[in-house]
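> Just lifted these from TrEMBL, have a look:
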- ASP376: active site (ACT_SITE)
- GLU394: active site (ACT_SITE)
- GLU395: active site (ACT_SITE)
- ASN379, GLN393, TYR434: substrate binding site (BINDING)
- 210-331: domain 'PARG helical' (DOMAIN)
- 347-559: domain 'PARG catalytic Macro' (DOMAIN)
- 1-25: region 'Disordered' (REGION)
Amino acid sequence: MNKKFLTGEKSNSGNNNKKKPQTTQLTKITSLFKVERIVKSTSRNNFSSIEAFKNDDSRRMIDERDEQIKKISVLENSNGYKESVPSEREEKRRELQKTIKQIYENETETDTETELEVEIEIETEEQQKIRQILEIRQAKQKIENIYQLPYYDQKQWINKERILKELADKKHIKRHEFFTQLTQLIRISNTSSSNINLDSLKIFVTNYLKEKQSDFFENLVPFIAKLALEITQLDDVPILVQNKEGKITLTKRQVATFLANMFFCTLSSQISKNIPYGNSFKSLYTGSLNYNQSDRKIEKIICIYNYFLSVKEAIENRPGEYEQQKVTYHRIVFDQNIHSNSDVSIFWKQNTTKLIKVTNEKDANIEDFKDAIHLDFANAYIGGGVLDHGLVQEEIRFMISPELIISRLFCPKMEDREAIMIIGSEIYTKYSGYGDSFHCEGRVDQSNIKLDSQNRKLTAVLAIDAIHYGQSYDQNIQYRMNSIIRELLKAYIGFHGGQELIQSEQSLGNGKKFQISTGRWGCGIFMGDPQLKFLIQWVAASLAQREMIFCSFKDKELDDIQEIIDELQNKNISYVINLIHRYTEYFRQKDSKFSLFQYAKEYFGQKNKN
C-alpha cells in the first residue's frame, strides 16, 4: 500500500536552499503527541479520521499501534460496530481531503513550495473506536486530572475481568469460591497484600444473611459483578482539581458501576495528589480485635448490601430509570464576582443584610427535611473515615447514601475557599444511633422523589469542612476573627450553592430556594463551640438568602438557642458580627467562664436599656 504522510517537511525535489516552512500550530501538536487525530463523526462535529505524523518514527508507531490492537481483542469483541458501506467511505475520503487541504492552506500561506503528504487510511468504525481508546488512554494516563479507570492497566484488567466474568456467569457460586476469588482480586490490585483478612464480611454473611446466603451468592453477587464489568463503557472521568470550579455528572447506573468495583476492590490506585485514601471496601471487610470497630464495619456492610438490593430491583423492575437518572458532583470555588468581598472582615462587619428565618429542631435529623440542602460535616478529605470504622455524622450520611461515597474517587482535599455539592443522590437505609450505637433499621425507598430538569433527584448534600480545633494547642483560637472569617467564608460559599443547585431548585416551580438543614457543624471531635458555629451558619445562610433549619440534637450547650433566635431574629449581619467581635476581643480575654450565649444575653440587656 502506497502511504503518504503529513509531515510539514520540504519536498526532496526542487531548490534545497528554499526557506523552510515556519513551525505551525499543526506541527506543534504533532511534536507534542506524535500522533494527533482530527475525528469527525455524527456525534462529534462530523469530522472524518486522519493521522498526522511528524517524522520517520511514524511507521514504527503504526506497527506498535497495530500490535496493541491485536492485544485487545476483548474490546474488538465487545463493540459490535458495523463497517461503513463503500459510499460512506468515499464520502469520508472526500471530506478528509478537503479538510487536509484547508489546514495546509491556512497553516502554510507563506510558503507555497511546501509539500503536504497525507496518509489516508479509512478504517471500520470498530477499528477506529479501538484505536481512539488506546491512544487517548496513553496520551492522558500521566495527566493527574484524569481518573485512572481500572481497564487502563491492561495487564491487571485482563486478570480482573476474567474473575469478574466467572462470578457474573456462574449460576451457583459457593461461599468458599466467592471469598477465594475476592481475595485474588484484592491481590491483583494490591500486590503487597499478603495475609488478606475478610473476617467482617464473613461474619456479615454468616450472622446477618443467614438463610439469605444462597440468594446473595446466586443472584446478588453475579449482578454486582456484571455492573463492575461495565466500567469499560465509561469514558475519561476528570479529577475535580483544587482551586478550580468543576463538575462531574454520571448516570445512576454509572455510579453503581463505580461502587460495584469498590465492592470487588478492582479500582486502580491514582497518581493524582490529595485524593482521599481508599478506593475499595477492603478495610470494611477486614476483621478487628476491637469488638465495637468490628460491629461498626458489619453495619456499614449492611448499608452497602441494602444499596445493591435496591439497585438490582430498580434495574430489573423499572427499566431505563438508572440509565436516565443522574447524579452531579460539583466542586464550588470562591469567585469574587459571585461571593463579593466575603473573604475580608470589613465586609461582614458593615453588612446590613437582615438575618434570615431560622428554625430550631431538637429531635430531628438533618436528612429528615425535603427541599433542603443537607449539610455534611465534612473532613477536608471528603468522606472522612467512611471506608474504615469511622461512624459519626459524615460517615453515617455517606453509608445511608452510598452514591456519595464515589465523590472520594475524584475530589481532592478541600481548600479553605471550597465546598462540594452533590445533587441527585438517594437515601437507601434507615438507621438509629450514632457511633458505636449505630444500627441499620431496614431499607428506604426514595424512588418517588421528584426529578429536576436534568433528570436528577431533587436532593442536595453539601460537604464543607470546619477547622479541626482538636488538633490545635489552643482551642481558643477559634474566637479569633481570622478563624471566624474563614468559617464564615467556607459556609457562605457552600450555602450559596452554585449554578448546578440553582438550576435544580428552579424545578420546584414555586420560586423558592432550598433551605439549609444543618446542625453542630465542626463540633464534636473537631472541638468547635456549638454556640459560635450556630451564629456563623446563621449569618452565612442570611447572606445566601436561604432559610435555615438547625438541628441541635438536644445539646445542653444549646438549651438557650431559642432565646437567642428570638432576640436576634430582626437584627442584621453586622449586629451579630460585632457581637461576636466584642465577645472575642474583650470579654473572652477577661472571663472565659462565660459562654457566648451568656455574654449575648448580657449584651442584649445593655442594648435594651439604652
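Placement of Cβ uses the backbone N, Cα and C atoms for every residue, glycine included.
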> Let me know how many other Cβ atoms fall within 10 Å of the Cβ of GLN393 (substrate binding site).
22
> In whole Å, how far is ASP376 (active site) from GLU395 (active site) when you measure between their Cα atoms?
9
> Using all protein chains in view, find how many other C-beta atoms are within 10 Å of the C-beta of GLU395 (active site).
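By my count, 24.
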> Given the recorded positions ASP376, ASN379, TYR434, find the one whose Cα is closest in space to the Cα of GLU394 (active site).
ASP376
> What whole-number Å value do you get for the CA-CA distance of ASP376 (active site) and TYR434 (substrate binding site)?
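Roughly 15 Å, rounded to the nearest whole number.
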> What does DSSP say about ASP376 (active site): helix, strand or coil?
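Looking at the DSSP assignment, ASP376 (active site) belongs to a strand.
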> If you count Cβ atoms within 10 Å of each one, which of the active-site residues ASP376, GLU394 comes out on top?
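Counting Cβ neighbours within 10 Å, the top one is ASP376.
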> Restricting attention to the domain 'PARG catalytic Macro' (347-559), give the mean pLDDT.
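Mean per-residue confidence for the domain 'PARG catalytic Macro' (347-559): 95 out of 100.
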> Which of the three DSSP states, helix, strand or coil, fits TYR434 (substrate binding site)?
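Assignment for TYR434 (substrate binding site) reads coil.
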> Given a separation of at least six residues and a C-beta threshold under 8 Å, show me what packs close to TYR434 (substrate binding site) in the same chain.
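The list for TYR434 (substrate binding site) reads LEU391, VAL392, ILE396, given in order along the sequence.
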